[in-house]
Amino acid sequence: MNGTEGPYFYVPMVNTSGIVRSPYEYPQYYLVNPAAYARLGAYMFLLILVGFPINFLTLYVTIEHKKLRTPLNYILLNLAVADLFMVFGGFTTTMYTSMHGYFVLGRLGCNIEGFFATLGGEIALWSLVVLAIERWVVVCKPISNFRFGENHAIMGLAFTWLMALACAAPPLVGWSRYIPEGMQCSCGIDYYTRAEGFNNESFVIYMFVCHFTVPLMVVFFCYGRLLCAVKEAAAAQQESETTQRAEREVTRMVIMMVVAFLVCWLPYASVAWWIFTHQGSEFGPVFMTIPAFFAKSSSIYNPMIYICLNKQFRHCMITTLCCGKNPFEEEEGASTASKTEASSVSSSSVSPA
């Protein structure tokens, strides 16, 4: 084995020299240069500095503007709440432990950090799935005379929390476990060992099938059907320039959604799966650290893509930031009037508001 396994930890270094120490008790500077921990802490501080304001602003603006408090926007609020879970439950903890060079908060802290980081990430992931399904149902109308209402939105929210807990809670009760990973200053699911009594193998397979592959397939299916629906609508009005513009906007939006989903989660999932299927193989601490912390940046991508590109929300946000007056209101109003013909396509396909 090209690593050192101990009680509730796995350090990716062979302990031939005897320098490997528990990541709960000693700095791990023998793994990487201490400057790397400083850079990691600075990166987490940047995510907090950007992620908290943009997600908090999302909640505040929605509460302040009644027209944003619609069933279709509930899932976007859920997305912001999930991102705040990651900011407070994961990012602050990781920044603090990075400053010390090891997981100074101990085993209990590892469970708490791993749980909240996983919970926030899974809520965000399943929120995107529910959003994709909602867009598909509203735009493509597979169910005739269906109207998306408040009860459907609440059921969607409950579903995201149920699925997130189904992934984040089992390691707390003995089905797998949370251990320090990468540079040993943040915690995640144990992909690394086959420790007796934890059934890591079955949990990792369950997680990859139910909490990655299935969501990815659903997102691709729903947005693929949405693109087809928009193209069909545009083909029926080929003489309309505004409709063609709406088609391009929706195409760009969907591509950004899918690419962001893959950019955030595919590297982490791929590396985790490789480690799981090649347990005992040699890999460095940075090998898992980079994709893990890149996935955390989804707390910034999510509100920017799914909310800030919403024209109605952007209008309300500018109004809030400018103390009740939108200096671009007249310009946006004229632009909106010129796009009346395409509103049925763009409002139902691009913007969830």
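Here the Cβ of each residue, glycine as well, is placed from N, Cα and C on the backbone.
The model shown is predicted, which means the values in this text are computed figures rather than measured ones.
Record features (Swiss-Prot):
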TOPO_DOM  1-36  topological domain 'Extracellular'
CARBOHYD  Asn2  N-linked glycosylation site
CARBOHYD  Asn15  N-linked glycosylation site
TRANSMEM  37-61  transmembrane segment
TOPO_DOM  62-73  topological domain 'Cytoplasmic'
TRANSMEM  74-96  transmembrane segment
TOPO_DOM  97-110  topological domain 'Extracellular'
TRANSMEM  111-133  transmembrane segment
TOPO_DOM  134-152  topological domain 'Cytoplasmic'
TRANSMEM  153-173  transmembrane segment
TOPO_DOM  174-202  topological domain 'Extracellular'
CARBOHYD  Asn200  N-linked glycosylation site
TRANSMEM  203-224  transmembrane segment
TOPO_DOM  225-252  topological domain 'Cytoplasmic'
TRANSMEM  253-274  transmembrane segment
TOPO_DOM  275-286  topological domain 'Extracellular'
TRANSMEM  287-308  transmembrane segment
MOD_RES   Lys296  N6-(retinylidene)lysine
TOPO_DOM  309-353  topological domain 'Cytoplasmic'
LIPID     Cys322  S-palmitoyl cysteine
LIPID     Cys323  S-palmitoyl cysteine
COMPBIAS  334-353  compositional bias 'Low complexity'
Selected stretch (most C-beta pairs under 8 A with the transmembrane segment (74-96)) from 37-61, 153-173, 253-274, 287-308: 37-61
Integer mean pLDDT for the topological domain 'Cytoplasmic' (309-353): 60
I need the nearest neighbour of Cys322 (S-palmitoyl cysteine) among the recorded positions Asn2, Asn15, Asn200, Lys296, using C-alpha distances. Lys296
Asn2, Asn15, Asn200 as glycosylation sites, winner by CB count within 10 A: Asn200
Six or more residues out from either end of the transmembrane segment (111-133), which same-chain residues have a Cβ under 8 Å from its Cβ atoms? 75-76, 78-79, 81-86, 88-90, 93-94, 105, 156-157, 159-161, 163-165, 167-169, 171-172, 178, 186-189, 211, 215, 218-219, 222-223, 257, 261, 265, 295-296, 298-299, 302, 306, 352
Lying 6 or more residues past either end of the transmembrane segment (287-308) yet within Cβ distance under 8 Å of it, the residues of that chain are 12, 40, 43-44, 47, 50-51, 54-55, 58, 76, 79-80, 83, 86-87, 90-91, 94, 117, 120-121, 124, 128, 131, 181-183, 186, 188, 253, 256-257, 260, 263-265, 267-268, 270-272, 275, 314, 317, 352
Give the residue from the recorded sites Cys322, Cys323 that has the most other Cβ atoms within 10 Å of its Cβ, counting over every protein chain displayed. Cys322
Give me the Cα-Cα distance between Asn2 (N-linked glycosylation site) and Asn15 (N-linked glycosylation site), rounded to a whole Å. 9
Long-range same-chain neighbours of Lys296 (N6-(retinylidene)lysine), Cβ under 8 Å, sequence gap at least 6? Met44, Leu47, Met86, Gly90, Phe91, Ala117, Gly121
For the topological domain 'Cytoplasmic' (62-73), how many residues does DSSP put in helix, in strand and in coil? 9 helix, 0 strand, 3 coil
